[in-house]
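Presented below is the structure to which this report refers.
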Amino acid sequence: MREYLNFLKYIKENGVLKNDRTGTGTRSIFGYQMRFDLQKGFPLVTTKKIHIPSVVHELLWFLSGSTNIKYLNDNNVRIWNEWATVDGELGPIYGKQWRDFNGQGIDQIADVIQMLKTNPNSRRILVLAWNPCVVPSEKISPQENVVKGNSALPPCHAMFQFYVANNKLSCMLTQRSADAFLGVPFNIASYSLLTHMVAQQCNLDVGELIWSGGDCHIYNNHIEQVNEQLSREPLALPTLKILRKSNSIFDYKYEDFEFENYNHHPAIKAKISV
């Protein structure tokens with residue numbers, strides 16, 4: 001994934017120093033796009049190890065509509081624990097907005113599947129996670145926001161849109177805030193997996209994943225890790241096999257996915273900014 005390394009290098013060389021909500025500070029650019037042909041391999045970063053179970057379980061959790069971390073923790077995925085209440089609640093985050101937007105019974109995922117099957121040329125096949133009604137206040141903690149009925153965190157990956165051409169399904173992800181080192185490789189993998197799943201449900205081939213970022217940043221405490229990653233040579237991409245076609249987009253299980261030939265460099269540890 002040379003495209004991703006070029007992205008890191010561009011931020012490192014062109015980013016401006018900015019303060020941020022977490023107090024860590026960033027090197028930041030505004031506006032960047034990467035394109036990945038899903039026919040040429042699954043875009044899983046190889047210059048460090050990506051924890052595949054976290055990618056898969058989080059996506060299945062989103063699709064379930066759940067906003068409690070119990071399912072994740074039961075599967076040894078703890079990427080959301082920092083922001084949850086003692087009861088494991090995160091408020092109306094991604095899953096809630098995807099499956100029941102604003103609590104109004106609007107199942108955006110079911111709607112896009114239906115549109116792809118019946119009107120694939122529509123320009124309205126998109127899903128919003130950004131809901132201004134529940135954006136949390138920066139003046140109080142994530143947990144306090146949840147108590148007030150807001151989400152613990154605002155969605156970083158705010159919108160995605162599907163597009164069909166030549167019987168191929170492409171997805172464009174719009175990410176308002178992009179943690180280039182920790183978050184973006186994970187997001188690319190997650191939405192690539194989702195595109196494969198939706199394509200299978202709609203009897204389509206996969207096309208491209210287009211990743212578009214707004215505020216793209218490297219945290220100041222990730223510079224050393226970025227330099228380490230940039231020193232590594234990318235390896236061949238793995239391939240994804242979906243072992244069965246489930247009855248619906250909501251019925252897939254972790255065991256349905258197999259990532260073949262995922263060869264990678266060692267993991268690079270970095271602290272997440274809370």
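A Cβ is built for glycine as well, from the same backbone N, Cα and C atoms used for every other residue.
Swiss-Prot names Arg123, Arg124, Arg176, Ser177, Ala178, Asp179, Asn187, His217, Ile218, Tyr219 for binding dUMP. Of Arg2, Arg21, the residue it gives for the same site is Arg21. Sequence-distant contacts of Ser177 (dUMP binding site), defined as residues of its own chain at least six apart whose C-beta falls under 8 angstroms from its C-beta, comprise Cys156, Gly214, Asp215, His217.
Each of the binding-site residues Arg21, His51 was scored by other CB atoms within 10 A of its CB, and the lowest score goes to Arg21. For Arg124 (dUMP binding site) paired with His51 ((6R)-5,10-methylene-5,6,7,8-tetrahydrofolate binding site), the C-alpha to C-alpha distance reads 33 Å.
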